[in-house]
């Protein structure tokens with residue numbers, strides 16, 4: 001009898017890359033293949049939010065107190081919020097939507113979750129780049145002060161979105177009502193994400209609590225890269241790294257635990 005071929009680490013990695021790639025294509029076709037407005041919404045949602053913030057800024061006549069470009073302020077906060085919010089929300093339904101694919105030997109529960117989150121992160125990234133490029137081209141906002149620092153902030157928050165999504169998906173699998181509640185909780189968390197304020201403008205006691213929230217550090221870091229020395233920010237990249245590691249470790253452990261009880265349908 002022939003001995004079973006044991007795949008090496010690199011072979012296993014290549015297989016997983018192909019599996020996730022195939023799942024990504026399936027998600028793209030399923031979500032955007034028949035209805036292109038779904039793809040367009042990636043750009044429409046942050047633009048609408050920017051428009052609302054600009055209108056509020058003008059209505060409150062806040063330009064009398066600050067010379068900050070409000071369009072740049074909005075567009076450097078909301079798309080990042082949209083990335084982690086949507087990635088974690090989409091992770092919740094990833095298993096039920098792909099349960100039939102688990103019959104395939106190489107498709108794992110983790111792959112189905114990662115594919116959905118990667119698609120959301122990629123979509124938010126494309127939206128951020130395109131919108132900023134257009135706004136710079138038409139002269140509504142200036143070029144970023146430090147694009148590399150912005151990129152580092154975005155990558156850190158992308159890993160945060162993955163870790164958060166793994167944890168939320170695991171909780172929702174074990175406690176189904178939480179999956180429905182999480183959508184509402186993300187709206188409650190929006191004002192706390194740092195997308196609509198600078199930590200520097202908060203009272204000192206409130207600043208301490210705000211800086212306990214990892215999303216605030218990500219937004220502050222992203223805006224520090226865009227505005228440069230024009231604004232005062234309080235980000236700590238190492239705090240985001242620590243939070244990411246904790247979320248990823250807990251998330252992977254939780255997914256590994258409940259995956260054993262998932263049966264193909």
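Using N, Cα and C of the backbone, Cβ positions are placed for all residues, glycine too.
The domain 'ABC transmembrane type-2' annotation in Swiss-Prot covers 37-258. Taken from Swiss-Prot, the feature transmembrane segment covers 37-57, 67-84, 121-141, 148-168, 178-198, 238-258, and the record attributes it to sequence analysis.
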Best-contacting stretch, by C-beta pairs under 8 Å, relative to the transmembrane segment (148-168) and drawn from 67-84, 121-141, 238-258: 238-258
Residues of the parent chain within Cβ reach of the transmembrane segment (238-258), under 8 Å, 6 or more residues beyond its termini: 109-110, 113, 156-157, 159-160, 162-167, 169-171, 173-174, 211, 214, 217-218, 221
Cβ-based contact of the transmembrane segment (121-141) with the transmembrane segment (178-198), 3 or more pairs under 8 Å: no
